[in-house]
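Asks: So Swiss-Prot says this about it:
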type	residues	note
COMPBIAS	266-278	compositional bias 'Polar residues'
REGION	266-304	region 'Disordered'
TOPO_DOM	1-8	topological domain 'Cytoplasmic'
TOPO_DOM	30-112	topological domain 'Extracellular'
TOPO_DOM	134-153	topological domain 'Cytoplasmic'
TOPO_DOM	175-197	topological domain 'Extracellular'
TOPO_DOM	219-304	topological domain 'Cytoplasmic'
TRANSMEM	9-29	transmembrane segment
TRANSMEM	113-133	transmembrane segment
TRANSMEM	154-174	transmembrane segment
TRANSMEM	198-218	transmembrane segment
Amino acid sequence: MKTTRKCRALLSVGLNLLALLFSTTAFITTYWCEGTQRVPKPNCSKDRRHNCIDYGVNETDPSKVHYSWETGDDRFLFRHFHTGIWYSCEENIHGGGEKCRSFIDLAPASERGVLWLSVVSEVLYIMLLVVGFSLMCLELFHSSNVIDGLKLNAFAAVFTVLSGLLGMVAHMMYTQVFQITVSLGPEDWRPHTWDYGWSFCMAWGSFTCCMAASVTTLNSYTKTVIEFRHKRKLFEQGLREEQTFLDPETFHYFRDRSVQSISSSVDVYPSHGSSHGNSRGKMRSPPAPVDQGDNTESLGEEQC
């Protein structure tokens, strides 16, 4: 039983650790959602000859009329972007690298409260995962008493379940805020196409591992309690079977006195024969006292 319980505890610790790593990685990265944004092409210059609009005339001459034969989507450039809880980064079309902006500032004013609530829920989710992981490790490595281990196991399961619920709420709130920002966000930011990224997948993978760890912990707690109840039932059954061989007075006598004092003064005859069934478990009364004078007279007669 001890080996099985330890294996279940190791599985719970491993799942909780995976959930903690996934959630922390998703929280600090900016790939929850990614896609493309449609922006007007910049004018061509000496440093930029591709993905730009070339009018073919001197742009600094105000007397010249500028014509462009590009129409439709040819007039636009599709740049890549990716967004997380904290920042939204897009490709810089005027140079190399990326340009990042705060996603909280991009969200509509009516949704910023929900976004902040999502951030707080994510932080609490990670903190409760840390607490649950610490309790599981404490139960696994520092608990020699089974009863103390059960208490730690129960608290770890409660904290893990609460963290999973908070994580689920946080992920759903962020998804709602992002979808509203896509429709009502700034014109220069609104995505043309978008999809969920690997950070979003890691966040929900963390939730899955968290709930699996909580279920495993609860299962370990339940199985241990059931095993203890079964052993206690067997012990009480064996105690009742032993009690049937003794009458109540003798049973209480044996329970109250030590074995040494009983063996020196009492003989117990648990007769199993059919003819001695009525005398089973009874104490033999001590022999009747013998007169000391009769003993001396008999000894004198024998000597004569």
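Here the Cβ of each residue, glycine as well, is placed from N, Cα and C on the backbone.
Looking at the shown structure, what environment does each listed feature sit in?
Replies: Across the topological domain 'Cytoplasmic' (134-153), the prediction's mean pLDDT works out to 79.
If you look at the transmembrane segment (154-174), the same-chain residues 6 or more away from its ends with a CB under 8 A from one of its CBs are 12, 16, 23, 32, 85, 114-115, 117-119, 121-122, 124-129, 131-132, 135-136, 139, 200, 203-204, 206-207, 210-211, 213-214, 217-218, 221.
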Asks: Can you count helix, strand and coil residues in the topological domain 'Extracellular' (175-197) using DSSP?
Replies: 10 helix, 4 strand, 9 coil
Asks: Could you tell me what the rest of the chain brings near the topological domain 'Extracellular' (175-197), counting residues at least six beyond its ends with Cβ under 8 Å?
Replies: 31-39, 78, 81-83, 88, 90, 101, 103, 106-108, 111, 114-115, 118
Asks: Sort the residues of the topological domain 'Cytoplasmic' (134-153) into helix, strand and coil with DSSP and give the three counts.
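Replies: Helix (H, G, I), strand (E, B), coil: 17 helix, 0 strand, 3 coil.
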Asks: Checking distant contacts: for the topological domain 'Cytoplasmic' (134-153), what same-chain residues at least six beyond its ends satisfy Cβ-Cβ under 8 A?
Replies: 5-6, 9-10, 12-13, 16, 159, 213, 217, 220-221, 224-225, 228
